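Structure, as structure tokens:
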Amino acid sequence: VVCAVRLKGFVEQQGLAGYDPNLDVLLVTEGKLQSVAELQQAALQCTVSNPAVLPAPCFPDGSCCSIVHVVSCEEEFQQQQLDLLWRMPSESLTAALAPLFQKYLVCGPVKVTNPSSPIGADQYLQLRKRQMYEASVMKYGELAQDEAWTEVIDTLTAAAVRFEMLSTAHRSQITLDLQDSSISTKGTKSGAFVMYNCARLATLFDTFQRAVERGTYPPLPPPSELNFSCLREEGEWLLLFNYLLPFPEVLQQAAHLPAPTKGIRITANTEAVCKFLIQLSMDFSSYYNRVHVLG
């Protein structure tokens, strides 16, 4: 222990809101000082590489934010201690580096169902990788067993796990079913299903572009010159009005990180993006199976 500091008085003196009322005396260790130094170095690098980042933009409620801590609910109390310890010497720092505007994106706990034994993150990732491999073999046969597919399987697995995590509101508990087979491309609730339809679209655009180069099709005109009267199918209008037009707004709402109060917590609606992509994939898949797009 290097020293002891009283946090409650500092919180009241600074007029800070939203901190745990049980924050009081903090025993400062070398480890905590090392963490503060790392945070300060990260803020310095951010400012040097992108001077426009600080001073921070302001939220609609008047509060500002230059640092977002992504922290588990179990570690929020310790992170708040570190946050306050970081604020204390800020008066001696330049205004550009003073970490005065901080918010917390608190993530809920992770619960695992049907575990045969205790499982950690590494074991969970290996399980999902094996399921992704088995799903790929079922879909593509011997092709998926080629060594060149190893990197592809790794990338697909990481993306599927991210999608699985982001599909739940970050404040809520994530329940992982180890026996869940929805990692298959036929499971319409999974990231694998979204990626499969993304690959469909990529193949479609690539085929179209090569046909344009051969002179089979004219190139696509700019959006301002599109003739929307060419849309005849109900599914085409559905894709346009339900997905293409609202997509920028969905992204903006999810990434805006709204600050509903002057407290320290914020939210990010990643689950809204995942739900949007799943619905898009389902409607596009239905359209793709009915309509032959390229003649």
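Just so it is clear, glycine is given a Cβ too, placed from its N, Cα and C backbone atoms.
Per-residue pLDDT, averaged over the domain 'DALR anticodon binding' (194-294), rounds to 89. Per TrEMBL, domain 'DALR anticodon binding' is recorded for 194-294.
For the domain 'DALR anticodon binding' (194-294), the DSSP counts in helix, strand and coil order read 68 helix, 1 strand, 32 coil.
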